[in-house]
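**Q** Look at TrEMBL and you will find 32-185, 221-363 tagged as domain 'Sodium/calcium exchanger membrane region'. Feature annotation from TrEMBL assigns transmembrane segment to 96-119, 131-153, 165-185, 221-240, 252-269, 289-312, 318-339, 346-367.
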């Protein structure tokens, strides 16, 4: 209890989540419920990562990598499921899109910038092969989003309102298969690297893993995983319900809240860890947090949300609308070009941060005509009726 609950100073924010619940039941002031719920989720997400890391020390590097891949974006997944249940499909789409944009531009940019300043090097090097592979998967995800959007906006669907949805569900299944193959490939490569480094000296990341000792037992880690996931689910329910009220109270577009505020605040602990590793000149780990997290959201969380919506009877699809799809495409291309030489520096980091500021400002002035998933569903039904 002492290690899990009192070691991290972020845990001082946990009471904010309970205060949000109290305010919701007493005054229903959504302008306060939303930010307090966000603040309450931040330490729970960080502790969820801690419990996952501890459990990975018992299971070994290969299974530990799989655990991190599974629970790495559990917070986003839980919030998406609650939004799907509420029929807020556009909130799901924009919050997941915002997570990709913030990870690839803001987090990676801060890591490059902070690492370049702290290490005193002209350039930092990272494993080029992993960066190129993740960039390719991000481009594959963009391809999966472009096709339904083009069908929708060119009015070339065979069955209006149905073809794009059917294509989205098919593409989502393909993307899930591709991500499973990627996980298998990565774990197999990791095992080969471990075997190859047994005779010689491994890299610093291998040494850190080898001499890391668990602070809690295996079953304690499993129990805390369940507890933190449950409380994140509770707070996420109030968070999703308060988005529209907070938008009216603050006079901020829902698109900006979903795409910018939710990802930045919800992933604050993850962002800090990426910068911390870059400052310690462990850029491969920073890339694993930033680009790896983006790959997981684009190739697993988004397709999984489409399939989950299918099971719930919600018309969740991969049509992220033209503005969001174009923003993602340009972002992925910029990041892919900057990663292709396997080096980073302060200027590259500054470029990525400034690009994110442009994207964030764009969403602040963006008027989304179908921000309400229910309204979008009604529009689909209307077109089907015609």
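Backbone N, Cα and C atoms are what each Cβ position is placed from, and that goes for glycine too.
Unlike curated records, TrEMBL annotations are generated automatically.
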**Q** Under 8 Å, at least 3 Cβ pairs, sequence separation 6 or more: does that hold for the transmembrane segment (165-185) versus the transmembrane segment (318-339)?
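**A** When sequence-distant Cβ pairs are counted, the transmembrane segment (318-339) touches the transmembrane segment (165-185), since at least 3 lie under 8 Å.
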**Q** Does the transmembrane segment (131-153) come near the transmembrane segment (318-339), with 3+ Cβ pairs under 8 Å (pairs 6 or more apart)?
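**A** Contact between the transmembrane segment (131-153) and the transmembrane segment (318-339): present.
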**Q** Using Cβ atoms and a strict cutoff of less than 8 Å, what residues sit near the transmembrane segment (289-312) while being 6 or more residues removed from its termini?
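**A** Those are 69, 72-73, 76-77, 80-81, 84-85, 89, 92, 96, 99-100, 103-104, 107-108, 111, 131, 134-135, 137-138, 140-142, 144, 168-169, 171-173, 175-176, 178-179, 182, 267, 270, 273-274, 277, 318, 335, 339, in sequence order.
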**Q** Counting only residues 6+ away from its ends, which parts of the chain sit with a Cβ under 8 Å from the transmembrane segment (96-119)?
**A** 73, 76, 80, 138, 258-260, 262-264, 266-267, 270-271, 274-275, 277-279, 281, 283, 286-287, 289-291, 293-294, 297-298, 301-302, 305, 320, 324, 327-328, 331-332, 334-335, 344-346, 348-353, 355-356, 359, 363
**Q** In the same chain, who gets a Cβ under 8 Å from the transmembrane segment (318-339) while lying at least 6 residues past its ends?
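**A** Distant Cβ neighbours of the transmembrane segment (318-339) are 93-94, 97, 100-101, 104-105, 108, 128, 131-132, 135, 138-139, 142, 144-149, 151-153, 164, 167-168, 171-172, 259, 291, 302, 306, 348, 351-352, 355, 359, 362, 366, 368, 370.
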**Q** Per DSSP, what is the residue tally for the domain 'Sodium/calcium exchanger membrane region' (221-363) in helix, strand and coil?
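**A** Breakdown, helix to coil: 121 helix, 2 strand, 20 coil.
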**Q** Could you pull out which residues elsewhere in the chain have a CB under 8 Å from any CB of the transmembrane segment (346-367), counting only those six or more residues past its ends?
**A** 98, 101-102, 104-106, 108-117, 252-253, 255-256, 259-260, 323, 327, 331, 334-335, 338
